[in-house]
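What follows is one structure encoded as structure tokens, with my remarks underneath.
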């Protein structure tokens with residue numbers, strides 16, 4: 001048996017872990033592709049309809065149409081919820097109900113590969129819904145400047161909330177607690193972090209608080225990139241710090257889970 | 001091969017595994033027996049680092065077991081009590097996933113999957129999603145999965161729980177074939193005939209403590225190789241005897257007293273040992289205390 005292990009020294013356990021998780025997620029994703037894509041499209045369409053066409057066709061806001069203003073916010077918020085839910089819900093179920101998570105815990109892979117693999121998989125799912133959303137806005141005839149930096153910032157946002165979902169799913173003790181995260185963290189952020197309005201219009205002390213939240217930085221950064229094409233350095237820094245924070249918390253949770 | 005040194009696990013104030021020390025030898029088929037809540041599963045979970053010991057050590061092949069002990073983990077195959085296959089994936093994909101996690105190369109995974117599906121007699125179901133399988137089929141895939149990486153040590157946690165008697169016997173045949181390959185096997189069960197059919201040596205656990213250790217034969221001899229069961233107004237009694245003759249004499253006595261209805265004499269089995277144990281007695285024959293060297297245990301109907 002020991003020869004068996006020595007026979008394949010070139011497949012590193014780190015890569016084995018990450019690639020297996022991505023492969024498994026891809027299998028599931030491709031199997032439910034149309035169902036997934038359709039359900040991914042519902043929320044953005046509703047937002048576009050209500051806040052864009054219903055409310056904002058004629059309204060000008062900070063020098064642009066309200067639709068152009070609100071779309072970066074909606075992209076930020078829909079990638080946030082889909083990254084978070086792509087990790088938090090299935091991981092929570094696999095940990096507490098089907099116990100499929102134990103298959104990973106007992107495998108000879110380092111915990112860091114489990115953390116990287118799961119967070120990346122969630123971020124890809126979030127990114128997919130972001131791209132679907134952007135494609136929809138083009139179909140609806142909205143013109144936005146979307147470049148590499150825009151997508152990079154969007155991906156950072158996905159990493160932040162996928163990491164947050166990973167950490168949440170590993171630390172809570174029952175499935176219903178995921179709803180608490182949704183109710184007390186995710187939903188308030190979607191409304192508060194400048195998605196639908198400009199933070200310049202609200203009192204100083206309140207906006208100072210909102211600048212602590214990661215989604216504020218995504219929304220502002222994406223909006224800056226799409227409307228003015230200037231580089232939002234502070235957004236990149238803030239999101240990178242948040243992504244690292246949740247990665248670290250998630251990794252630590254991997255060692256502490258099910259003790 | 002597997003050494004447990006004063007292993008203890010406490011949840012809050014409850015001690016689930018209490019100062020358990022065991023030495024499982026290479027190539028042994030070892031059974032960990034006990035009633036529900038005896039601490040068997042917790043012991044297996046600690047072995048796989050799914051639970052952390054409050055104190056004590058787990059040494060496998062001379063090395064301490066930790067969550068990051070990757071070389072050690074790749075030597076162990078786990079068949080958990082809870083069926084934790086990915087129901088969305090097919091049987092083949094579940095095995096493939098395991099092979100990938102254990103760093104097997106593609107061609108090796110492919111040949112191993114074919115071989116193992118053959119071994120568990122399910123080659124025709126390879127491409128069906130696991131959620132469509134029956135409980136017994138899932139268990140077989142679970143065993144196949146644990147064998148993907150050719151582990152030297154196999155941990156089977158209640159592998160036949162909830163299976164019908166026929167399927168259970170098929171599982172036993174499968175598991176027996178494994179041990180002939182020289183693997184060390186640790187099996188937990190509360191089906192005593194299962195331990196009797198499979199294990200070289202068994203440890204009896206009760207309330208987290210190791211109560212008895214030996215071959216099934218040794219334990220049966222210890223409690224008394226023959227047993228006479230009597231029914232005494234709803235109170236079932238087991239009387240243990242060192243020989244069949246002593247048991248027959250006892251029955252004759254009973255019949256003379258007119259109490260010989262519904263008695264039976266048979267060879268004792270692990271179940272008797274087990275009931276003896278859970279009734280709180282130690283397993284030593286009390287020589288010559290009652291008539292004909294018998295030892296009697298009463299157990300009320302509520303115990304069943």
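Cβ coordinates come from backbone N, Cα and C, glycine included.
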Next on the checklist: Can you identify, from A:66-84, A:85-103, the stretch that TrEMBL calls transmembrane segment?
Outcome noted: A:66-84
Checklist entry - Which of A:66-84, A:152-170, A:191-213, A:233-255 has the most Cβ pairs closer than 8 Å to the transmembrane segment (A:128-146)? => result A:66-84
Checklist outcome for this item: Residues outside the transmembrane segment (A:66-84) whose C-beta sits under 8 Å from one of its C-beta atoms, at least 6 past its ends, are 40, 43-44, 47-48, 51-53, 55-57, 59-60, 122-123, 125-130, 133-134, 137, 142-144, 154, 157-162, 164-165, 168, 181-182, 186, 189-190, 193-196, 198, 215, 218-219, 222-223, 225-227
